[in-house]
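Since the structure comes first, as structure tokens, the remarks are kept for the end.
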Amino acid sequence: RHVPPPRRLRSGVSFGAEHFGEARCYVQGGLRKVRPYYFDFRTYCKGRWVGRSLAHVLGAEFRARPLAAFRAAARAGRLRLNGEPVRDLDTVLKNNDLIRNTVHRHEPPVTAQPIQILAEDDEVVVVDKPSSLPVHPCGRFRHNTVIFILGKEHNLTELHTIHRLDRMTSGVLMFAKTAEVSKRIDEQVRQRQLEKEYVCRVVGQFPEEEVVCEEPILVVSYKVGVCRVDPKGKSCKTVFQRLSYNGKTSVVRCLPYTGRTHQIRVHLQYLGHPIVNDPIYNMKAWGPERGKGGKIDKTDDELLEALVEEHRAKQSLDVLGISEEDWDPSAGSKDCGSSGDCGESVEPVNGDSCPAEDTKDLERGEIPTGVQSCDTNLGTLGNHQEGSSGEGSAGSVGEEGADEKDPLCPECRISRRDPSPRELVMYLHALRYKGAGFEYCSKMPPWAMEDWQE
């Protein structure tokens, strides 16, 4: 059977009622939760896979799940090749082969704080994004994302991402309604005509005078989403100005002149004033100085292992956007597969909210980079019971999660504590976004008030 090559991706994000009906969302204990649901993940055969057996590819490049798990999926009819159930994992792959794996998907909870629409016209939608929400589907998140909530609860679809915020960063987030508007604002981005202003609360007494940091930033891990200052990194510039000091912590205005991943957070850590509750850059794993001045007495792999272990001990791996099944320390700091090909890793743009986009795990759901972007309609298995439950539901209050367990799902065998709403807030907020002909602002968050106390 001939399988056509992947179609060119659309510039907008297109999700409809069939996608919103995949799962049921509900609010419980200040958290927005998603009932587990069945979902298809797809990938076309890469050039380096041609001539290799399916078993070899699954074992070498999708290592977060053991090969036995894929054999069980094949026996259950959930692993398909070109639409047909896989009977033999020794099948040799050919060019344009389409692999599809059906999984029982669990999404981490996010804050139940609603998305506030700051402005809307024929060209743009501007929202105040709560902390803990990814901008678009990626990693373990799909329904608990800004794109899905806007489509499902506000009937705002076909949106184009203009800029992005880290998952844990709150504040002004702007979408274009048409490709033409998106292209026009993208040109302003390229010409550096946009002004972005953030506010944060940091540890200690930040200097009164303006501070400029131009230290280059290097990505340590795309999967976990960790960066650090390094001479081999990309050039960047952030200007800081203290707004207030309450005797313990300081509120600081941040003006990034470039858009590197985690730029503000990494520069503040380097200056010795990390964000008070930053779940990555204010952790003991960085050493007694918490990474001040770039002093880190660990290799990148040791640092990642220490960060994961620190969150594992707190049962807070969800804050990193990974699960136990996702974490494979043997993969190395840049998260390369055993094929040794890192050429397709993609750095998250402007501090992407889900650095796990390029994770290589067909069972957990992360799609290999270069096949489909996080903004793509991935397709859903619609004939499963849970996949069709709660059609069109915008979320009900106090509803319990699904009792039904999936025998092949490792997540169904794990009991995790819920994060508290307080754990899902980081004190970094996008306050203002200004360009040629527009300026959008949000309110100052409560934790940024001068008289605020922890």
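Numbers here mean position along the shown chain, with the first residue as 1.
Every residue, even glycine, has its Cβ placed from backbone N, Cα and C.
Taken verbatim from TrEMBL:
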type	residues	note
DOMAIN	124-269	domain 'Pseudouridine synthase RsuA/RluA-like'
ACT_SITE	Asp166	active site
REGION	319-416	region 'Disordered'
COMPBIAS	330-343	compositional bias 'Low complexity'
COMPBIAS	357-366	compositional bias 'Basic and acidic residues'
COMPBIAS	370-385	compositional bias 'Polar residues'
COMPBIAS	404-416	compositional bias 'Basic and acidic residues'
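Under DSSP, residues within the domain 'Pseudouridine synthase RsuA/RluA-like' (124-269) fall into helix, strand and coil as 28 helix, 56 strand, 62 coil.
Sorting each residue of the compositional bias 'Basic and acidic residues' (404-416) by its DSSP state yields 3 helix, 0 strand, 10 coil.
If you take every residue in the domain 'Pseudouridine synthase RsuA/RluA-like' (124-269) and average the pLDDT, you get 94.
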